[in-house]
Amino acid sequence: MAGITKLWKRKKGSNSGAGNGTVVNGHDEDSRTIHCNRPDHGLFSYAGNKTSTRKYSWWSFVPLALFVQYQRAAYWYFTAMAGLSLAPFAPYSAISVWLPLIFVLVLGLLREAWEDLRRARGDRELNNRPIEWHDGNGQFVEKRWRDLRVGDLVRVKDGDFFPSDLLLVSSTGPDGICYVETMNLDGETNLKARQALEVTWGIDGKDERKLKDFTAELLCEGPNASLYTFSGRLKYNNAELPVGPPQLLLRDSSLQNTGSVLGVVVYTGHDTKSMQNSTPPPTKRSRVDKYLDKVIWLMFALLLAMATLTGVIIGIRTKQDGTDIWYMRPTESNPYYNPQKAAIVGIVGFFNGLVLYGYLIPIALYVSLEVVRVAQALFMINDIEMYDPASDKRARVKSPGLNEELGQVDTIFSDKTGTLTSNQMDFFRCTIQGVSYGKGTTEVERAAEKLGMPLGPSPRDPRPDSTRPTSRTQSVDNAIEVDTESLGPENNPYKEKGFNFYDERLLAGKWVQEKSAESIRFFFEILALCHTAIPEGTPEEPSLMRYRAESPDEAALVVAAKQFGFYFYKRTPTTLHVRESLRPGDPPRDQVYQLLDVLEFSSLRKRMSITVRFPDGRLLLLSKGADSVILQRVDRKRSGPVAETTRHLKLYGEVGLRTLVVAYKVLDEEEYKSWAKRYADARSIIGKERESRTEELAEEIEQGLTVVGGTGVEDKLQAGVPEAVDRLARAGINIWVLTGDKVETAINIGYACSLLRQGMDNLIVSLEGSEARAIEERADREGWSRDKIQEGQKNFVSRKLDDALQLVLNGHVNPRGTSTSERKISVSESLQSALSRSMSTKSSGANLSRNASKNAAGTLTRNLSVTNGRHSRNPSEGKIGVEMLPLVDGQKVGSNGEGLDQREWAISKESALTQSRKGPPAEPTEYALVIDGQSLAYILAETVLQERFLEVCINCNSVLCCRVSPRQKAQVTTLVRKGLGLHRLCLAIGDGANDVGMIQAANVGVGILGVEGAQAAMAGDFAIGQFRFLERLLLVHGRWCYRRISLMILYFFYKVCMMGWIAFYSNIFAYFSGNPLYNDWYASFYNTVFTSVPIVVIGILDQDVTPAEAFRYPQLYQSGQRGELFNFKLILWWLAISLYHSAVIFFFPLAIYSGLSAFRPGGQVAAAQDFGAAMFTVLVLVPNLQIYLAFHYFTWIHHLFIWLSILSWYLFIIVYGALPTSWSTIAYKEFIEVLAPSASYWLLQPLVVMAALLPDLVFRSIKSVYRPSDYQIVIEQSKSKRDSQHQV
Amino acid sequence: MNGASSSEGGPNNLLKESKRPKYTKFTQQELPACKPLLTPGWVMATFMVVGIVFIPIGVVTLLASNSVVEIVHRYDMDCLPPTLATKTDRVNWVQNSLVDHRCNVTLTVPKRMKRPVYVYYELTNFYQNHRRYVKSRNDQQLRGDSVTSLDSCKPLATGNGQPIVPCGLIAWSLFNDTFTFASGAGAIPVDNTGIAWKSDVDSKFGENVKPSNFPNNNSTGALGPIGGKALNANLPLKQDEDLIVWMRTAALPNFRKLWGKITDRDLEAGQVVNVQIANIYNTYSFKGSKKLVLSTTSWLGGKNSFLGIAYLTVGLICMFLALVFFLIHLKNPRPLGDTSYLSWNKKNSDRSRS
């Protein structure tokens, strides 16, 4: 909690500046006085309730948006160039430079404007929402949110959002209680209770007079960002009462399960806590983009060098030649040729060169990138494979600028609830009176099976081997089986949200035929009664009934009871109404149970109970809770089926179910009476004592229980998660799960979604383990100061990290530690044998005895047997097990063997770092780090530890951070991203508001489009409907985008550089005077028409392998992580190609069009313009045809645009040449009259193309034949497959 | 699927149109495509084909170039009194209009030159492509359109307050050596019409534009040192093809310009052609040279073996490469689609080998 608070305390930043003047008193306001029900309406000039998330206002738009545009270094350059083009010495006309620049800028501005308008539309919707406002005369009238003022009294109805931060005055719920959902604030889906001060309960909407007369003065703190604190004093009826968080209803949360509430507006608009928390989204730029900036600087340096050279040479030559060159009339001053002022000639020459060679820095690249990224985004959005039919949502792309980032991800930070799991609990199994019911396989089982690691014996009662392999749970009762053959766990007619249970022995009223029907009935009754869920819906429609419960698993139990015929449909403070239908044909009977007391659930108690009087008069205590807690409190004589239940629940846990024990106790009337009185007294105590007192009394009555059975609820993984995680891992992506869950739960889910795999070593750094607890105990004993405890814990964490580091780096632990490095692989088939027969691996087993490992359990355990029964996998599956078997007696391995093993370890470490994470079974050990939030806090506080931590993590395949706060999530993400020299490209994925920090901190943020709450999706750069789409987003779209953008940028530099080089070559022969060989329009059209479209098509469409192949070979993804498609080497390579090509393009035509020999039978020799046009022809041909060499994917669109581009040059020169001479100048009839009729012109073209492409062709041939790239082999493979199919 | 959405989203969802993207091959990026791979077969075939096509072209073009007969004679030094040793002397001599600049040159025809025989002059180290020079003209004026500004022509824009026609450095520096051809007793007429591009004549130079106020080379004073040819004030620019050719500026500092054509006869092998040259154009100050060139043409143009040699070279290289690839492939073939070549598999096997 403290962490969250801190997170939200972040500086408000520039947010306030962006608002349109609604922030008045600002954040310096220390306290405010609010006259309840007597709104100030401007008197105190508090902020209005109008909010704005816009970045610009109409007047600041142009300058601010331009400022945003100009954050790109290249734009400054382009503007400078455009400025230079206005100078009289510019070699090109100004318009040909200004047009593209204006185009890019306008495009950027339009996009900004569009986004801002969209935000404005969202704001308008919010600001115009209606709210019932008390008009001061006892009437409620409708008002808009934006019109609310501090002090207003408003009424909020069930399901509605609070328009501002409100002080709760009264609620239609009992005791002034209302429930709020804070999903949008902290990501928690459970309902939280808020309670009004008792003195104001009576003010409700019904009594006009009370409403009218209500007046109070609230003195409270000024606006701040802390979501969990609030303090103030309410002066009401001459009394002064303290108010705090329980009375505060926050904007962005909603009212649930409560008819309506009245509240007084405390903070409005940008003063509200949620708005104070909002941070402006960071502007992110992709790695490629940043690299591009560097390349631009490089090119700029090159350009400067070339321009300087030009200036110097022309200056010196002009000085030297002096008056010799009479035809320039050197005596007349002219900045281009003036021997008297050679320096000026040089400077002019320099600037002239800047513009002339300015092609080196392509503005068209930026235009094209924008276009391509938008198109890529459209492909993502329109991908059917990323459409989620359940929520009817497509993928969304908010930052197309980060597309290619998706192809280079090293590390994924994932939220758990709602991201990996669907946050939906389904009733899956139960055990009643020692008999286990429920069929079907859990996701965990399925995942394990898929990965070839069956989970030992099935958790169900021992049964004969099944005949149907799909369902390993077959009923003994064959008669029933026959009847329901078409039905089963996979085809379950009773399935609904919260209920995925199938067992024909219990369903459809069949349970009455069971042996212990009475117990079963009782079990169902307990499920239907013992909870705090609130039914929502009409009682007559059970299928539409929704239960609002504190947690989804509780709701699942109530749903289960309903399915079994005990339909809970109504709750009053004192009664519970259940409609019982015992047999299918019987009419349902309504039963009313008297609810006496509720002993609520708390994470400390881990149980909840109610006392209830059954319709038949029995007085009972019904309990459900964690097995450890309940079993401690059973009656020794009437314990119920404890042994079987325990066994079943253990097995349930093993397959990933959340388990609860259900128990009861018959209460003695007298005893209860005395207890009830004391309990009521305790509850009425005001102050701290109340809690401990009620606790004691609950403890007193929750004794002597009798177990009835237990339940297993599945926390459903989202569809396809294990597969996606597995493939992403194989793609070389490290996956971190950051969750608020307990270590054990996290490890469970880790296995379920194949983050943790068999053969992986789990390194656990936790301050909840036994050794860590020992520190606390010692501290208690010796009365350590707080600092000392922290010191001790820090040392502990640091030591653990050291050991982990030793392990992952060297494959052994330093022998000093008490910590073990045992790699225990249990070969046992049950829990007991697993514990007793843990065995050491060859890696380190010889170092330490087995006993040592046991002593140090709970510390750094490379241990597969941590979690509930996870160890009982049979390792004889797969090679790991085989490898292990001879080593059961680890001690027997001699020292020789040990040395050998260590060498192998060293090798395996290297490979674990550099290549695929999962391969043949002979792969070396993989590591997983599990760390808890408390340990993380110590690590994050110190640089040394951070470094160590990072190094461990980078050597681990999976990292699980448990019990972390949202702030820690963001911190860890930032740490890894900035990574102290270990830069990694991080992607964060989450669904809740608590993930926003992480999503913003990561290089790429992906939001899950949850059913409720869109904060994460809003904050994310991308949003998808399901976690599994991430796989396609990365492995397919990301890889493609990275490839496309990389290819595009490289090719772009190649082709624009050719223009630059050629300008330079021609300058060499033209006294460095900077006279372009061709008309401005040739040059302008070069980048916009003749060579622009094919590369854009490639940027949009290029593929190497198909999605299917990408999934089959996830390793292909690693080329992106290694940056193989865009790096300095490749840039140099392409620059070299462009140098060579431009040389061929320039000098080959020059040999024919030098002006020395006739180039056609008519005897004419070529002039500058003839040479220029001929050269330009091949300058268009070569890069367009180079595409066929450099790329490997051609659809008809590619062909069309390549040839259209080539054709466009000829068309251009024909059409442009046909214009009057005042337009066409040197191009006039150039093609028709001069070039086309000469054979040499046509012979030149294939020659130049071939000569230019030849070296590249040779190089690529050699590479393709003898050093094939990965994707090439994959294509070859599928090609040969297709061919062989054809032959067959 | 539908069931899930309707039960979860409530009845509202049924009314809304599904956002499911439409399936098209294009939007799902499943367009049929060819993925050419440079497999050994393709590589060899490509090189082979290029070689087979290029070598004959090379031979043919080389033959064409070799069929051209060309006579090149540098005369700037021959036509200079040998006493003039320094640059200043030479410049003074060449610019002195009072001195006789005529000189005689004999050329012997090496092979039969079929008409038309083209006569060129060649200048070296003359930067017709200097930016200052190239810009110094006014196309509007040349065309005879109304002229708004002659700024680009400065300092040869106006003289005595009147615009100079044609203005600018290019026109002013027009080459003005003359050649008179004779063989034996008879003069060989040289036709200097039809040497410019028709488009230039038709559209870039006006019918009614006649030189006026033009600083002829004998003028002195404000306009400074002597320039090029004096223009006939009565000859419309359109008809002055020498000027038109000159004003189509060259790409390089060494260039030839067509001066005329001998169209009435072939020149026989061994025939001696006497040329009287008026050597008055100043190339001495900037270390340029002047040459007289007589050349025939083939279907391809003048004497230029570049195309032929280049075609042959590329063709031969390709043939050679085809052979090399063939041999390597025979010796050490790589099976296509062999997954052991995948980088991640390769590293594994490398390790296991070591």
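Quick reminder: no glycine exception, Cβ is built from N, Cα and C everywhere.
No curator has checked TrEMBL annotations; they are predicted automatically.
Annotated features in TrEMBL:
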REGION    A:1-31  region 'Disordered'
DOMAIN    A:34-96  domain 'P-type ATPase N-terminal'
TRANSMEM  A:58-78  transmembrane segment
TRANSMEM  A:90-110  transmembrane segment
TRANSMEM  A:295-316  transmembrane segment
TRANSMEM  A:342-367  transmembrane segment
BINDING   A:Asp415, A:Thr417, A:Asp991, A:Asp995  Mg(2+) binding site
BINDING   A:Asp415, A:Lys416, A:Thr417, A:Glu554, A:Phe601, A:Lys624, A:Arg658, A:Thr739, A:Gly740, A:Asp741, A:Arg963, A:Lys969, A:Asn994, A:Asp995  ATP binding site
ACT_SITE  A:Asp415  active site, 4-aspartylphosphate intermediate
REGION    A:450-479  region 'Disordered'
REGION    A:812-878  region 'Disordered'
COMPBIAS  A:827-869  compositional bias 'Polar residues'
DOMAIN    A:1017-1269  domain 'P-type ATPase C-terminal'
TRANSMEM  A:1049-1072  transmembrane segment
TRANSMEM  A:1084-1101  transmembrane segment
TRANSMEM  A:1131-1153  transmembrane segment
TRANSMEM  A:1173-1193  transmembrane segment
TRANSMEM  A:1200-1219  transmembrane segment
TRANSMEM  A:1239-1259  transmembrane segment
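Cα spacing between A:Arg658 (ATP binding site) and A:Thr417 (Mg(2+) binding site): 14 Å, rounded to the nearest whole number. Sparsest Cβ environment among the binding-site residues A:Arg658, A:Arg963 (other Cβ atoms counted within 10 Å): A:Arg658. With A:Thr417 (Mg(2+) binding site) as the anchor, the candidate binding-site residues are A:Phe601, A:Gly740, A:Asn994, and the one with the nearest CA is A:Gly740. Closest by Cα distance to A:Gly740 (ATP binding site), from the binding-site residues A:Asp415, A:Asp991, A:Asp995, is A:Asp415. Annotated pair A:Phe601 (ATP binding site) and A:Asp415 (Mg(2+) binding site), C-alpha to C-alpha distance, rounded: 25 Å. Through the fold, the transmembrane segment (A:1173-1193) approaches residues 1047, 1051, 1054-1055, 1058-1059, 1062, 1077-1078, 1082, 1086, 1090-1091, 1094-1095, 1098, 1101-1104, 1137, 1141, 1144-1146, 1148-1150, 1152-1153, 1166, 1202, 1205-1206, 1209-1210, 1213, 1227, 1230-1231, 1234-1235, 1241, 1244-1245, 1248-1249, 1252-1253, 1256-1257, 1260, 1272, 1275 of its own chain, all at least 6 residues removed from its boundaries and within a Cβ separation under 8 Å. Among the binding-site residues A:Asp415, A:Asp991, A:Asp995, the residue whose Cα lies closest in space to that of A:Arg963 (ATP binding site) is A:Asp415.
Outside the transmembrane segment (A:295-316), and at least 6 residues removed from its termini, the chain residues within Cβ reach (under 8 Å) are 73-74, 77, 342-343, 345-354, 356-358, 360-361, 1049, 1053, 1057, 1060, 1064, 1067, 1071-1074, 1131. In terms of DSSP secondary structure, the domain 'P-type ATPase N-terminal' (A:34-96) contains 26 helix, 3 strand, 34 coil. Counting other Cβ atoms within 10 Å of each Cβ, the binding-site residues A:Asp415, A:Asp991, A:Asp995 show the lowest value at A:Asp415.
Long-range contacts of the transmembrane segment (A:1239-1259) within its own chain (CB-CB distance under 8 A, at least 6 residues past either end) are made by residues 1137, 1140-1141, 1144-1145, 1148-1149, 1152, 1159-1160, 1174, 1177-1178, 1181-1182, 1185-1186, 1189-1190. You'll find the Cα of A:Asn994 (ATP binding site) roughly 9 Å from the Cα of A:Asp415 (Mg(2+) binding site). Scored by C-beta pairs under 8 angstroms, the transmembrane segment (A:1131-1153) has its highest count with A:1049-1072, from the stretches A:342-367, A:1049-1072, A:1084-1101, A:1200-1219. With a cut-off of 8 Å between Cβ atoms, the residues of this chain six or more beyond the transmembrane segment (A:1200-1219) that come close are 1081, 1085, 1089-1094, 1097, 1173, 1176-1177, 1180-1181, 1184-1185, 1187-1188, 1227-1232. The average pLDDT for the domain 'P-type ATPase C-terminal' (A:1017-1269) in the predicted structure is 91. Tertiary proximity for the transmembrane segment (A:342-367) is limited to same-chain residues at least six positions away from its ends with a CB under 8 Å from its CB atoms, namely 72, 74-75, 77-78, 81, 84-85, 87, 89-92, 97, 100-101, 103-104, 107, 296, 299-300, 302-304, 306-316, 318-319, 335-336, 1048-1049, 1052-1053, 1056-1057, 1059-1060, 1063-1064, 1067, 1072-1074, 1076, 1083, 1087-1088, 1092. When Cβ neighbours within 10 Å are tallied across all protein chains shown, the highest count among the binding-site residues A:Thr417, A:Asn994 belongs to A:Asn994.
All protein chains shown were included, and the count of other CB atoms within 10 Å of the CB of A:Gly740 (ATP binding site) stands at 24. In the three-state DSSP reading, A:Asn994 (ATP binding site) counts as helix. Neighbour density for A:Phe601 (ATP binding site): within 10 A of its CB lie 18 other CB atoms from the protein chains shown.
In the three-state DSSP classification, A:Gly740 (ATP binding site) falls within coil.
DSSP assigns A:Arg658 (ATP binding site) to a strand in the three-state reduction. Look at A:Thr417 (Mg(2+) binding site): DSSP puts it in a strand.
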